[in-house]
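Inspection log for the structure reproduced underneath, given as structure tokens.
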Ligand SMILES: Nc1ncnc2c1ncn2[C@@H]1O[C@H](COP(=O)(O)OP(=O)(O)OP(=O)(O)O)[C@@H](O)[C@H]1O
Ligand SMILES: [Mg+2]
């Protein structure tokens, strides 16, 4: 120990090496790659579910068509789950997101299908229609979030109660807007947010997005390395860094490849050919969907939310408050304002989800988003967000949403009745949280 | 020790007639205390005497019911921790007040993060600074990547101390800063106190260790049941006399009695 003082760096690496030799091969792998064992566990669980359902359904699950649909169905819950991570990290809960989604969907539907056309006199198809409708929805989401957040943060009513009230109030409002009438059809451009053959970006653009994403991954790994070098912090081994890059790029390009393997249905191809004066050849015309627009929106939201949680002051404060609210207050953080902002973000995300969900339906119904709050909370919690506050990741929550949706779509494919589906989803949620508790005790 | 501080001119901190009550309990009752540059004033008293509460009023954690605070002779309005920090008042809380789920660097800079030119957190720079300051306090500390909840009690305390000295405090409040530290780390904190004192920083030190107090402090201030029993230079009183103040509230001749001093009944 005497030479520790005289030559600390050497002693440090020696100590590291000593510790490393105690680790198993898996431990060494995890340490080198700095991957989270819980995240790997979730990816593993997802793969098991996928393969299991694929086999049970006689090969129906892992098809381009089904996976593409799965990605679109996951988008709206995944988007809200990223916000729920922040809410739960701060030791709050938001039970109102499904109803907020419903009322915003209704407002956007009424705005574009009725108000802007009949009252404001805009022509059907005017591009301002979808822009104004969407903007109105986002602003409304922000305002609802601000109102609920204000009551929670400044009037100190527990979030559970405020958002439970919200669950009833906003659902009731959605019904009152049109006395329960469904509003349809929606603006043609607005509908693109829901996916479908037109709401996808096609093969070429998808490959471009994929390649750009791979470039971004490479850039981030290199940038992270140079940052560590700048301060002379320990570096990840090159093999680990390369492995991470290769796996990430393979996943991205694989996803693009799958999206590009799902062709437009014959009817739509025929319409398209007719409109553009193309003759359809003997074997049919293969036009790929490519990545769906709602999926792109969800990925963009995921990136923005990850950035917010990891790289901004606000994100740091959210986690610090979740870890120890009193300490955050004593450090001079305005905890009330941060709380209110988190609910405002949640409101905006509910608006984006509402746009996607109603665009996909091509209608606004007062039932839009019913029970989504449970899926969203389940996604966040299954994705590793601790209900005790202070920990959770955006990526985990999005994977959690994918897992929940996989289970649900899989059960539909297997012809399982909806009551039994509820039983399974409920049981999975409880088991996931239990596993999480066990994991936290051991680590 | 010999008192070398010139207690003339304006005090760095002058708290006058401070009172606060929680429900029916008068946690601090008409307490007055002052602190000069380069001086260490120890706050002593039994558990629940009101020491932490009094200094939490100074650090902005609690709002006083009545009384005034002067910083450098000017009345200061301190109504939250941010205000106190603006006056250069830094605090090591008895509870440490660390965000358990983030790492040491994030805790050191909590509320005062270093940012890059892009307006994003500069974690690299913060970790580098953290390594520097922790090196001064606890050179063996290496666990910079782990959330502080995984650290030992002493390591956590080092983080809390590092946070307080990182931002060039003019007034430092230390609420039992060495309670969880080993002998070597305690000695290091003692050295740190002397060093900061030499830099002209005023320090309020709360401790239950009379021996430590006599080693480090220029003056002692004893509290009992929320009231100040008395204030004295450590050179004017003995350790036994200070114990008498703490336990019985009996003010010795070398001390200036406060409102809480035992009244000699006829
Ligand atoms: N937030 C609070 N709410 C209610 N009562 C409080 C609060 N903080 C302190 N008190 C009460 O005020 C009194 C003084 O407490 P304080 O923490 O200041 O004591 P202390 O002198 O620091 O004791 P210790 O040596 O145990 O740290 C106690 O009776 C305590 O119960
Ligand atoms: Mg105390």
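Cβ coordinates come from backbone N, Cα and C, glycine included.
Feature annotation (TrEMBL): of A:127-147, A:316-336, the stretch labelled transmembrane segment is A:127-147. Proximity of distant same-chain residues to the transmembrane segment (A:68-90), defined by a Cβ-Cβ separation under 8 Å and at least 6 residues beyond the stretch ends, is recorded for 97, 101, 159, 194-195, 255, 258-259, 262, 289, 292, 294-295, 297-298, 301-302, 305, 309, 315, 318-319, 321-322, 338-339, 342-343, 345-346, 348-350, 352-354, 356-357, 360, 369, 372, 375-377, 379-381, 383, 385-387, 389-394, 396-398, 400-402, 404-406, 409. Highest Cβ pair count under 8 Å relative to the transmembrane segment (A:198-222), across stretches A:39-62, A:159-178, A:284-308: A:284-308. A Cβ distance under 8 Å defines the sequence-distant neighbours of the transmembrane segment (A:342-363), meaning residues of its chain 6+ beyond its ends; these are 72, 75-77, 79-80, 82-84, 86-87, 90, 92, 94, 97, 100-102, 104-105, 108-109, 134, 137-138, 140-146, 148-149, 152-153, 182-186, 190-196, 199, 294, 297, 301, 308, 318, 369, 372.
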